[in-house]
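Participant: Below is one structure. I have some questions about it.
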Amino acid sequence: MIIKNLTQISHLILIKTMEIYLVGVIITLLSLYIKTYIQEKAKIDALKSENKRLIDQTEKIKSKYSKKLEELKKEHQLDIAKRKYKYESKRDQYVSFFQLLDQFTKDNSIKVNERLTPLIGEFSTNYLNAPDQEAQTKAITTFSTEIQKFTFEGSQDLMKIKQQTNTIRMTASDKVIKKLDMLNLAFEKTIEQSNKTMNDLPTLMLHNDQQKMQENQIKLEECGALVKKYNDELIALMRQELDEI
């Protein structure tokens, strides 16, 4: 009976011991699970926080560079607009200038053909057919007066050309400005030689000085050739300048 009771007691103790052990194991496993869960959750939260930080940073970078890109686009468009305006402005100035030169050449050709040539013929006729000294003097005076008109008109035309070149100087390159100066000087010499040729003409015609008239004509042609040379060089420079805009 005693042995049976001891056996039962031992059995109960064993069961209790196993229960305690199992409870301990469960508690340990639960503790490990909770600890692991907390650690993993902390890692996940940290990753989420890092991901959010990276996303925010990425969005800021995208926003920054998108803004920068838009600014660059605007600057590029503004630069294109400025270059377009500069090109068109210079082109219009250059075209206007050469239109003025063309008109100047055309007008002077008309003056020579329609006014100067008949004037010379009229002077020659009036002077040679003059009955007396007074009539000869009148023929010379009339011719000189008309020549002075030509001289004045030539000076006025030259002034218009200079005014146009002053406008071009504001935006032109140094090379173009230098060539403009050379062209203006060539025009001045041409007008000066032209005036001299016309003013000398009455006296030379009276003395029939063909050699001197020929010399004046050669000098005038040389001046004209120099004007054409500088004019062609200026056109080439202006084209180059427009291409470089």
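Using N, Cα and C of the backbone, Cβ positions are placed for all residues, glycine too.
From TrEMBL, here are the annotated features:
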{"type": "TRANSMEM", "residues": "12-34", "note": "transmembrane segment"}
{"type": "COILED", "residues": "37-75", "note": "coiled coil"}
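Provide an account of the burial state, proximal residues and distances for the features listed.
Facilitator: Beyond the ends of the coiled coil (37-75), by six or more residues, the same chain brings no residue to a C-beta distance below 8 angstroms of the stretch.
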Participant: Over the coiled coil (37-75), what does the predicted model average in pLDDT?
Facilitator: 79
